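Following: one structure in structure tokens, then a few remarks.
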Amino acid sequence: MIATLKFTTLLLAVVVCWATQDYGYKDVEEPTLGDSQYGSLWPLPQKVQMSTVAFKLSGASFQIVDAKESSSGASCSLLQNAYRRYDEYIFPISRMQGQNKKKAFASDVSELQVWITSADSECDSYPSVTSDESCECPGMMFVFLVGALSLETFSQLVYDDEYGAKSINRTEIQDFPRFAHRGLLLDTSRHFLPIKVILANLEAMAWNKFNVFHWHIVDDHSFPYMSRTFPQLSQQGAYHPYTHVYTPSDVKMIIEFARLRGIRVVSEFDTPGHTQSWGKGQKDLLTPCYSGTSPSGSFGPVNPILNTTYDFMTMFFKEVSTVFPDAYIHLGGDEVDFSCWKSNPDIQKFMAQQGFGTDYSKLESFYIQRCVASVRHGLKVKQMISNSLKADTLIHVWKGNQQQYQAEMARVTASGYQTLLSTPWYLNRISYGQDWQAAYKADPQDFNGTDAQKKLVVGGEACLWGEFVDATNLTPRLWPRASAVGERLWSDKDVKDTNDAYSRLIQHRCRMVQRGIPAEPLFTGYCAHEYKGV
């Protein structure tokens with residue numbers, strides 16, 4: 001028996017069908033929750049209609065192949081790479097043992113055929129904010145799909161029956177992501193993250209339908225990005241100039257690894273604040289601070305009154321635009337400490353000349369507008385993400401409590417800006433108990449505004465800032481708490497049942513653990529793969 005998957009594009013992950021699946025998390029203490037009718041699907045598709053009709057899959061005969069009608073084929077590395085990964089996910093034991101392919105029984109699903117229907121298979125393209133992620137199941141054995149990483153959900157649907165045989169159920173489905181931007185921020189400045197840690201979490205992002213890796217690559221603490229144009233930045237600003245840097249080849253590898261999983265890589269180089277590490281390698285970039293009438297020897301934010309500042313930014317971001325192929329660059333623009341600017345007599349004189357008085361937020365706005373203009377002039381087509389409403393960019397809302405960020409979302413969208421939300425999803429903030437639920441209940445469109453304003457919300461991002469996180473604890477702190485954000489940004493706005501989510505999430509967490517991601521447990525219990533019994 002052959003299953004056919006029809007794709008219209010290649011780039012991003014979607015969901016296929018359902019099976020009564022048990023990844024075996026045995027809950028031995030409260031809360032005691034029933035099994036979800038959706039098995040272990042995560043995130044939940046928009047519409048699912050299940051059947052009890054089941055088919056067998058044999059590791060000895062099953063294979064994932066290109067359909068004859070597909071516009072793509074063996075030359076598409078994106079698909080071929082995905083086929084190999086998911087074959088091993090579905091049949092990990094038989095593949096490790098090197099079992100040879102054998103003839104399938106009539107009741108077996110022997111092939112999963114992938115059918116790309118678009119004229120341009122986009123195998124060599126990078127994912128973008130406009131990539132089509134919708135899919136439809138018209139009642140066939142499996143479904144029509146969009147996105148090579150739909151194979152992730154196919155793999156979620158394969159389950160062991162009571163005899164241990166791999167099975168999958170027939171299902172009808174319609175699916176698409178609620179938001180186009182579903183991001184995860186990792187901070188590699190406060191603690192340097194080895195490449196293998198970044199790659200492992202990109203893999204987990206694909207399993208959870210995230211499609212944007214927001215790389216907060218530099219900050220006050222260190223400058224690990226190795227610039228070809230300004231090599232002194234990392235030589236002087238990194239924790240170590242050789243071991244704690246990301247070389248051009250490192251960055252290229254990370255971007256390609258992400259591309260093969262339908263993930264965009266958006267780099268962030270935050271200015272004018274958060275730039276202490278920049279100043280170690282770039283003379284006269286930062287503002288000299290004063291104590292009375294004399295320089296104190298310390299430095300503040302980027303110096304906004306020098307033409308050389310903008311010359312540097314133009315050259316630097318021109319390089320960045322060639323290294324990072326995504327259409328967007330994140331410019332930060334938040335948390336600027338004005339005290340150094342206030343102390344500097346040259347800044348004071350400039351303020352008077354510009355008529356800014358003592359309102360240093362106007363100087364910050366001046367810098368951001370000129371910086372954006374300089375960067376755009378050098379980049380031609382790049383789009384900007386910023387934390388400042390004063391720039392003509394996609395606005396990223398970070399700060400405040402629930403009431404404050406809801407008011408900010410209303411204000412930003414009322415001004416006509418597109419926006420992203422991160423405030424309720426700072427996953428570096430931890431608490432005892434089921435803290436994933438707070439992230440799950442937060443909604444980026446939950447603010448007072450018109451339908452037109454709500455449409456300006458393009459998505460959101462979970463953030464894991466690095467003050468207390470490094471390679472030793474990043475991954476278990478992140479997963480499966482980030483999974484809650486993933487479902488909120490993918491699934492329908494009415495998917496709010498935390499009991500159903502808990503049932504699916506504990507199984508999804510076990511699946512991640514089985515695949516090698518040390519995701520922390522949600523509560524007491526164990527995963528079936530840990531112990532099969534006697």
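Including glycine, each Cβ sits where the backbone N, Cα and C put it.
Per TrEMBL, signal peptide is recorded for 1-19. Taken from TrEMBL, the feature disulfide bond applies to Cys76-Cys123, Cys289-Cys340, Cys510-Cys527. Per TrEMBL, domain 'Glycoside hydrolase family 20 catalytic' is recorded for 179-492. Taken from TrEMBL, the feature active site, proton donor applies to Glu335.
Positions of TrEMBL features highlighted on the structure.
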residue : record                    : Cβ neighbours (10 Å)
Cys76   : disulfide bond            : 22
Cys123  : disulfide bond            : 18
Cys289  : disulfide bond            : 18
Glu335  : active site, proton donor : 12
Cys340  : disulfide bond            : 20
Cys510  : disulfide bond            : 25
Cys527  : disulfide bond            : 19
Among Cys76, Cys123, Glu335, Cys510, Cys527, which are recorded as recorded positions, the nearest neighbour of Cys289 (disulfide bond) by Cα: Glu335
Whole-number Å value for how far Cys340 (disulfide bond) lies from Cys527 (disulfide bond) (Cα to Cα): 54
Cα-nearest neighbour of Cys123 (disulfide bond) within the listed recorded positions, Glu335, Cys340, Cys510: Cys510
Cys510 (disulfide bond) versus recorded positions Cys76, Glu335, Cys340 - nearest by Cα: Cys76
Integer Cα-Cα distance in angstrom, Cys76 (disulfide bond) to Cys340 (disulfide bond): 54
